[in-house]
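Participant: To start, I am sharing the structure in question, which I have written as structure tokens.
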Amino acid sequence: MLFCSVTEAPGVAAGGPESTREEPPSRNRLNASREVEPVNLPGCRLIKGVEAGSEDIDILPNGLAFLSAGLKSPGIQCFAPEKPGGILMMDLNKDSPRALELRVSRGFDLSTFNPHGISTFIDKDDTVYLFVANHPEFKSTVEIFQFEEEENSLLHLKTVRHELLPSVNDIVAVGPEHFYATNSHYFSDIFLKYLEVYLNLRWTNVIYYSPEGARVVAEGFDSTNGINISPDHKYIYVADSFAHEIHVMEKLANWSLSPVKVLQLDTIVDNLSVDPSTGDLWVGCHPNALKLLIYDPSRPPASQVLRIQNILSETPAVSTVYANNGSVLQGSTVASVYGGKLLIGTLYHRALQCPL
Ligand SMILES: [Ca+2]
Ligand SMILES: [Ca+2]
């Protein structure tokens, strides 16, 4: 059975005037008191067909966008508790595309499908693979599908389970069965997950997986989240959410990662998208994660999209492209661009399409 929080939790986030008290470290990491300055983008509209989250978005070079929908996590708000998650698709070449759910081949258990981070890989023979971090019954797997465009469907090829993949948040595919994955927690047990965040153990990591095996390629993070790759495939970008950081690492010939630099931000970073034409990073962010984690509809979580240009330079340019206090869009996790269009997805709310 799928379980998530559908009840309101009024007042739990506040507990008095927050600005007058000194924040304990765990609240600082969650940006507990922070409000967001609105930044509007004219012409945005909510995407039809997304009502209960689209945690991650990945867009193919031909403008077909995959959206992972309906993520459920213990204790986190959800607006469609009985509906399993799914993979939606939008054709961004159309004027006002809907998001339609892709069929999945028989034999794959859709009743417990709980998709989280996603990544696409196009092989030399043009086969398109979709990798999905999945949490069936709150466990952690990576599902590999083949996208069949003619049939608008996904053919399930493989389920990857591994002791080094206890809590996968996002993946970036680098081969037909090869990927880097972030574990947002060291533990898989829900109580121990809370404890490790509270204690700030910094035990989370990045794993490289291939059919030959899996190994840790980077570790010592507070809470790894989004992961992506530069257009020239030389660098891997990793978001460390609660540390408010983006790590740039060089991908070595043996698939190990070598630290290059760390970009410090003042917000909680979730998924990272890369514009293939410019190399810019587009980042879904949470200005105040406490509002995201403890849902109060009268004080909904905000949304924020950052664009980072020239991340490898001495002075990367960081700009806020969109920010909203939750009146339109709550809890943005991802922002992806294609052909002058920006898609913004959320943890459990709706999704937005904006012209750039
Ligand atoms: Ca992703
Ligand atoms: Ca994420």
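Placement of Cβ uses the backbone N, Cα and C atoms for every residue, glycine included.
Got these off TrEMBL a minute ago, pasting:
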DISULFID  Cys44-Cys354  disulfide bond
BINDING   Glu55, Asp56, Ile118, Asp170, Asn225, Asp270, Asn271  Ca(2+) 1 binding site
ACT_SITE  His116  active site, proton acceptor
BINDING   Asn169  Ca(2+) 2 binding site
CARBOHYD  Asn271  N-linked glycosylation site
CARBOHYD  Asn325  N-linked glycosylation site
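Distances, neighbours, how buried they are, the whole picture for these features please.
Facilitator: Under the three-state DSSP scheme, Cys354 (disulfide bond) falls in the strand class. Under 8 Å, Cβ to Cβ, and six or more positions away along its own chain, Cys354 (disulfide bond) finds Leu41, Gly43, Cys44, Arg45, Tyr322, Lys341, Leu342, Ile344.
Taking the Cβ of Asn225 (Ca(2+) 1 binding site) as centre and 10 Å as the limit, one finds 26 other Cβ atoms among all the protein chains shown.
Its Cβ placed at the centre, His116 (active site, proton acceptor) has 26 other Cβ atoms within 10 Å.
In this structure, Asn169 (Ca(2+) 2 binding site) is part of a beta strand by DSSP.
In the shown protein chains, 29 other C-beta atoms lie within 10 A of the C-beta of Asn271 (Ca(2+) 1 binding site). In the three-state DSSP scheme, Asn271 (Ca(2+) 1 binding site) is classed as strand.
In sequence order, Glu35, Val36, Pro38, Pro300, Ala302 make up the list of same-chain residues 6 or more apart from Asn325 (N-linked glycosylation site) whose Cβ falls under 8 Å from its Cβ.
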Participant: Long-range same-chain neighbours of Asp270 (Ca(2+) 1 binding site), Cβ under 8 Å, sequence gap at least 6?
Facilitator: Asn225, Gly226, Ala239, Ser241, Val283, Gly284, Cys285, His286, Ser332, Thr333, Val334, Leu347
Participant: Other than Glu55, Asp56, Ile118, Asp170, Asn225, Asp270, Asn271, which residues of the chain come within 8 Å of the Ca(2+) 1 site, judged by Cβ distance to the Cβ centroid of those residues?
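Facilitator: Here the non-site neighbours turn out to be Ser68, His116, Gly117, Ala133, Asn169, Gly226, Gly284, Thr333, Val334.
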Participant: Roughly how many Å lie between the Cα atoms of Asp170 (Ca(2+) 1 binding site) and His116 (active site, proton acceptor), rounded to a whole value?
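Facilitator: Asp170 (Ca(2+) 1 binding site) and His116 (active site, proton acceptor) have their Cα atoms 7 Å apart.
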Participant: List, in residue order, those recorded positions out of Glu55, His116, Asn225, Asn325 with a Cβ under 6 Å from any atom belonging to ligand 1.
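Facilitator: Among Glu55, His116, Asn225, Asn325, near ligand 1: none.
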Participant: Can you list which of these recorded positions (Cys44, Ile118, Asn325, Cys354) have a Cβ closer than 6 Å to ligand 2?
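Facilitator: List returned for ligand 2: none.
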Participant: Once near-sequence residues are set aside, which residues in the chain of Ile118 (Ca(2+) 1 binding site), 6 or more away, have Cβ atoms under 8 Å from its Cβ?
Facilitator: Asp56, Ile57, Asp58, Phe66, Ser68, Ile87, Leu130, Phe131, Val132, Ala133, Asp170, Ile171
